[in-house]
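Notes for the one structure printed next.
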Amino acid sequence: MLEIENVSRVFAARKGMFGSTPGVRALHEVSLSVRKGESFGLVGESGSGKTTLTRQILRLDTPTSGRILFEGEDMARLSPAALRALRAKVQIVFQDPYASLNPRMSVHDIVTEPMLIHRATLGLNRQQRTDRAAELLELVGLGPQHLYRHPHEFSGGQRQRICIARALAPGPSLVLLDEPTSALDVSVQAQVLNLLIELQQRLGLTYFFISHDLGVIRYICDRVALIYRGEIKEQGETQRLFDAPESDYTRSLLAAMPPDVGRVAGR
Amino acid sequence: MTDVSQDSRRSARAEASRRAFYRFRQSRLSMVGATMVAVVLFFTLFGNLLAPYPEHVRGGLNTAERFQAPSLAHPFGTNELGQDVLSLVMAGTPVSVAAGFAVVLIGTVLGVVVGALAGFNGGWIDDVLMRFSDLMLTIPSLILAMAVAAALGPGFVNMIIAIALSWWPGYARLVRGEVLQAREEVYVAAARAIGASPARVLFRHILPNIVSPIIVKMSLDMGFAILTVAALGFIGIGVRPPTPEWGTLLSIARNYMPDFWWTAVFPGLAMFLAVFGFNLLGDGLRDVLDPRARR
């Protein structure tokens, strides 16, 4: 479903009047493939290139080299119209639910906006969009009574549910989850993770799950890749990787895990 | 104690604005400013109707009663033409306030357009637009206004155009900075990720979030705009007599100082009231709307 082939991203060196910054190699020859219906985990520490990679997939940024194929199509070659249509298929939930909702918009406007933008593809009129927004809110554990509230009236966990509803609104097949629980309280983390698992089963979604929390990854993901300084160090089935790590980096990472990891989500 | 069920039904947004209003009321200076602005706005709307000697406002004169000192019949005295100064000051309010407001409004619109384009697009567009607005900032507004008056002739509309031309760069800089900041917000990235067009991102996600500092600056600038309008009237290239305007009134009264002080003092006081009021109001609004700038 999603093929990432030898993607590199170098942020160019800058020479300015007041000093220079050297070039940064944020991603180096990254190759991954995500299969339909699975949860693919990407683990890495801060600054390892996780977020840069999501920006490439969303085409908020352009790779220096390499290709990204979604359902067999090279995203770089799509016409602007085709790219817009494709954006309905690939959605993202960001890490910080406090920053990722526009404070001036009501929940209704936030959740219906993707449907408004993709109305040509989805074919929903105003009333249908509002109805669907109410359905989506119920799907993520909120309700129609929350439609006309504003983001600041919600807790972190509720906001993340709104973000999930917004991501589901255009009917995506792939959802990128960029550390969707790391900004939340531990008790709320489990609720949101369980919601994500439930949604995946009901809607047949494919997840690309980014985290630095190995416990969460182990709980959610079928396969996992480790990224370190912009390079993929190891990838494979989650269970295999946890049981028999191949690279030194994976071993040191697993050794650094607190002993009760894997039970955080309270299965 | 308030009723709990009613409290929970009230939306938090209404609650927030109620609190902002409360904080605004807590500051005595802000309330003084708001009151002064209210008085000025009252005379802007009704000054012409309430003037006790409307015929003087239209240019009528009464040479028998020249230079009367303030009295019950003429609380602000009369001028060199025997006109009631109170009537002229009241009737001058709409002219000054409308001119000031027009200047600020035109300046804001131009500044928002330029600043938003520059900040949102970045790159060479940013460089060109901002160097151009820097260039405009280097031209003193009074000199520019004189040049425009010389080219287009003096008059109300030309004066407003002239001042607005030197007014917008301040807004362009403010808006550009705010847009640059807002552009990096996560919700802007989220909007782009769901496929929002650049126009949609700018109008729906960026501009609504930078309204507060613009409103504060508009309020602070109203006073200065009124002052600039009066300054142009004073040097004789703004509003022409017999239309009563505070600056023009002062300019004529200057010849009769200090013996007939009331002809100059009362238009000056009116100006003081308007400028000071808008400044206090702007400071108060800034404290409420833009907490980062609070001292």
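Cβ atoms are placed via backbone N, Cα and C, with glycine included.
Automated prediction, rather than curation, is the source of TrEMBL annotations.
The structure displayed is predicted, hence computed values, not measured ones.
The domain 'ABC transmembrane type-1' annotation in TrEMBL covers B:93-282.
Taken from TrEMBL, the feature transmembrane segment covers B:29-51 (among others). For the transmembrane segment (B:29-51), same-chain residues at least 6 beyond its ends with a Cβ under 8 Å from one of its own Cβ atoms are 57, 84, 86-88, 90-94, 97-98, 273-274, 276-285, 287.
The transmembrane segment annotation in TrEMBL covers B:97-120 (among others).
Within its own chain, the transmembrane segment (B:141-167) has Cβ neighbours under 8 Å at 95, 99, 102-104, 106-107, 110-111, 221, 225, 228-229, 231-232, 235-240, 243, counting only residues six or more beyond its boundaries. The transmembrane segment annotation in TrEMBL covers B:141-167 (among others).
Among the features that TrEMBL reports, transmembrane segment is placed at B:219-240 (among others).
According to TrEMBL, the transmembrane segment annotation covers B:260-282 (among others).
Sequence-distant contacts of the transmembrane segment (B:97-120) (same chain, six or more residues past either end, CB-CB distance under 8 Å): 40-41, 44, 126, 129-130, 133, 156, 159-161, 163-164, 167-180, 183, 198, 202, 206-207, 214, 218, 221-223, 225-226, 228-229, 238-239, 245, 274.
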